[in-house]
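J.: The transmembrane segment annotation in TrEMBL covers 21-44, 64-87, 108-132, 144-165, 197-219, 253-275.
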Amino acid sequence: MSWAAHELESYVIGDHLKVKISYLAVLIGCLAPDMLTKLPVYGIHLGPLDIDPRSEPWIYHRGWPGVGPTHSFFFGVLVALLVLWVFRNRAWALGLMIGQWAHALTDICDSVGTMLLFPFTTQHYTIGMWAYASQQGKFGDADAYYSSLGGVWDMFWLVLVLFGWKALTRDFFFSRIVADDPAWLWLRRRFRLSNRAMLALYRAYFCYGAARIFAWTTIARLRSGDRAPIDLTWGGPSFVDKAPSSWPGWGTFLLNTVRGVALLVLALWLVWVLVGRRLWERAGEAPRRTAPT
């Protein structure tokens, strides 16, 4: 799993997409698959409440049965449909779906990967760039992630945001982010936020994501030392007991993929024809006004 990339990718998406989307929705979408699902992965220890982490957390977190479907393309589509139905807001529907898809695609980089084409196949898609290590506990996971190419991956996203620094400017925020999403005006009215406070809120997750990279890298180095040496080999670090490989062989993999893609495309077409188009068009309608009596 990625640690800081999910906070930073929302700025890159907002900078490069030319369609009208909500930045807040993209951010929530980027975080949503792990918002509640990661709690049981590391365990919960709050006073008398003591829940040990699962012995095979990757099954719960990324598999089925489990909450693995939150890391699939179809889950993002269902969330978008729900938003269109309840709130009639295109910018939020698109933003949540794009953010959730970005999260699911980012997480294929670890050794467990994600079920991108669920429910049409439970095939995991992974490039195995670094070892999935949540079974080591929170600090053990940090040690492994920031001793491997996972830390390089987070730095890559930080550099992308810095190269697109205009996305952090005041002009970009008010001309693009606020203009495309009435939620910011609601936040201003509801909480009496000044322009400076709104801009600070927008930049907050960039600061949080950047701080996480350097803080957890420092913690991993100071806390573990020789027990967690830096290992930038593909699939590292070598000191982690990795989750068992789910690789089925090329024949089964290709069969699962072709079937999954075909069924996903068919399902998306049916969803669009039966309900999606109607909800999308309704969300674009101007609100009706009744004549004063």
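Just so it is clear, glycine is given a Cβ too, placed from its N, Cα and C backbone atoms.
Small disclaimer: the values here were computed from a predicted structure and weren't measured.
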J.: I'm a bit unsure how to read this: which one of 144-165, 197-219, 253-275 has the highest number of Cβ pairs shorter than 8 Å with the transmembrane segment (64-87)?
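T.: Most Cβ pairs under 8 Å with the transmembrane segment (64-87) come from 253-275.
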J.: Count, for each of 21-44, 108-132, 144-165, 253-275, the Cβ pairs lying under 8 Å from the transmembrane segment (197-219), and report the range with the highest count.
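T.: Against the transmembrane segment (197-219), the leading stretch is 144-165.
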